[in-house]
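**Student:** Quick one: the structure is below, questions incoming.
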Ligand SMILES: [Zn+2]
Ligand SMILES: [Zn+2]
Ligand SMILES: [Zn+2]
Ligand SMILES: [Zn+2]
């Protein structure tokens, strides 16, 4: 059968065709198209000199902040920093922005958090304090390139430990090792790399919120670039997180009102970041933050490789995906008109209305609960019960309503106090794990 | 030996990708059919007395759909009149063979069959289109023409709805594809089980929305259904190919990913300012369209004018091309005198 569906053709017809990149980043002796003065050093949309290019990247960063007007003067902002190119790029722009003259000056106070995730990489020996300290020392050196900011150290395994980064000594890391062992043991009880990575992403956000709160910061800057958004958009869709993906790819993630996550360089791509770093000769740990254990097959890793592949030859597709991120909304419209077809939605709504209201949040990821009227989740549960009963079709015919009730009850998790408080994506983290493992997160 | 989950005592012959449950052959048939029945009743896809056209391509999906719909119609007394509607794109070595399969379905299931050809509708076969435009954009023509041809056929047959063989994998793949090309309007629409292009239009329904492709293949195999399984001989669409391979890789890691993607596609919310297409009637051909004239008419005009690229690129570009050609014509007319 022809694989082309009618959904393939918009009003633009085949304008949707995937466009292969024309590789023309090379610069022939050209004059900067912007200032028509200096010799160009880079060709992004057009040939630009160093000054104009740096201005262009900085403008993207500052425009996102000024357009949103979310950060009031004198706010305290926490930057999530691990020393990679995007982190250093944004820090450099803030560093320079704070020194500018009156009307251009950035008006917030910045502190920096370094979250130690060394333990997550399975190849690493967490007890090798020397190696671990070298890493932190490297981060400290990178930070020395800038004005003195208050820098803090924490571990992914314990959000309560927040130490001044400068004072960290080799032996201080003994303080987190026990927590790291505990975290690793917990991760081991989750059934797949996909689940583990998803869980870590959630606790990282949770830790950032907690630490920001402790440090009296109302905002956290995340250093996601265009390609990070594209990857997260698609992998979160595949993880079943469609209802909350907008929070994870938008400029402002305000699912928790008191601590908002901002992504001020989401419109900057990796070529721009790397060129910025190169032109300013900045020291970094690496180009892009590597995900731990990339050799393992997981939804996130396979998506990441898929997008990296597109970036190689179809980079405009990556920007298209990232642009799509700005068209989706995290909040539900007041009138739910999504699933009007079928009686199932009304039934599901009736049974769930008493249990949960529409604004109830997921205990883990803090997004809205999304299972109440899902016909798709119902279809999965129905499938499970009908498989169990499939030996006797007469029985199914006679007991259809009972099977339907059981399936609906499963979707709404009437029997499981824990699952009731989790969105579909977070429930997926615990696929195949025992209820005890699930119960632990509620303690 | 793995035993059937349904406790019938038989050996399991497959593991269901949606839930991981292992079933024997007979129990698989029962569960497979009951689920489609559930999808039909819960989604209220049909009403008693409806005349339903199955968009029949001869492929596994529409063949299984025809077989199962006939069976459920009898088992649960839906009281439907089911007919087959096929589109002959005029692709030698592909469609002519698959149409033979559809004819066999017609005879096996005792259903009326209507075949509509691009040639009679548009005056062009796909063979001819490809000979003019080459193999780069032919899928655009084929897709746009087919979409309208199904509407036309449904109208001719006076049916109440058209059932298509889109399965769960197809829908998940379309969700991914629409994200890859940034088409939020279609992303919103593609997960719907029932689509009305407007109030007068004949609705399309997808009874296999929650059925995995793997199970459709298994069902057809065990039931020994005859279907046609060659891919279209013309170049496949690059986006589909990419999205499909990616989805298969994801499915190997977590088979439930297909349902998760459909769920995600349904749950995703859009900003208010995303324009929704206003569906209207094309003033040239009278069929439903979101633009004037409709895509099929623009493409057809391009072919007939000898400007086959018309309508493939951006709209404005097409308009410029027409204006240019009209201008040239005026010039020629002037110079003739
Ligand atoms: Zn310049
Ligand atoms: Zn959640
Ligand atoms: Zn059995
Ligand atoms: Zn038309």
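Placement of Cβ uses the backbone N, Cα and C atoms for every residue, glycine included.
The domain 'tRNA(Ile)-lysidine/2-thiocytidine synthase N-terminal' annotation in TrEMBL covers B:51-229. Marked as ATP binding site by TrEMBL: B:55, B:56, B:57, B:61, B:87, B:165, B:170. As annotated by TrEMBL, domain 'Cytoplasmic tRNA 2-thiolation protein 1 C-terminal' applies to B:282-310.
Just tell me what is around each of these and how deep it sits.
**Tutor:** Using a 10 Å Cβ-Cβ cutoff, residue B:87 (ATP binding site) registers 26 neighbours.
Across the domain 'Cytoplasmic tRNA 2-thiolation protein 1 C-terminal' (B:282-310), the prediction's mean pLDDT works out to 80.
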**Student:** Quick one: what's DSSP say for residue B:57 (ATP binding site), helix, strand or coil?
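**Tutor:** DSSP call for residue B:57 (ATP binding site): coil, neither helix nor strand.
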**Student:** Select from B:55, B:57, B:61, B:170 the binding-site residues whose C-beta atom falls under 8 Å of at least one C-beta in chain A, and return them in sequence order or as 'none'.
**Tutor:** B:57, B:61, B:170
**Student:** Let me know the DSSP-derived helix, strand or coil state of residue B:170 (ATP binding site), please.
**Tutor:** helix
**Student:** Three states by DSSP: which one describes residue B:87 (ATP binding site)?
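**Tutor:** DSSP call for residue B:87 (ATP binding site): strand.
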**Student:** Looking only at the domain 'Cytoplasmic tRNA 2-thiolation protein 1 C-terminal' (B:282-310), how are its residues distributed among DSSP helix, strand and coil?
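**Tutor:** Secondary-structure breakdown of the domain 'Cytoplasmic tRNA 2-thiolation protein 1 C-terminal' (B:282-310): 11 helix, 2 strand, 16 coil.
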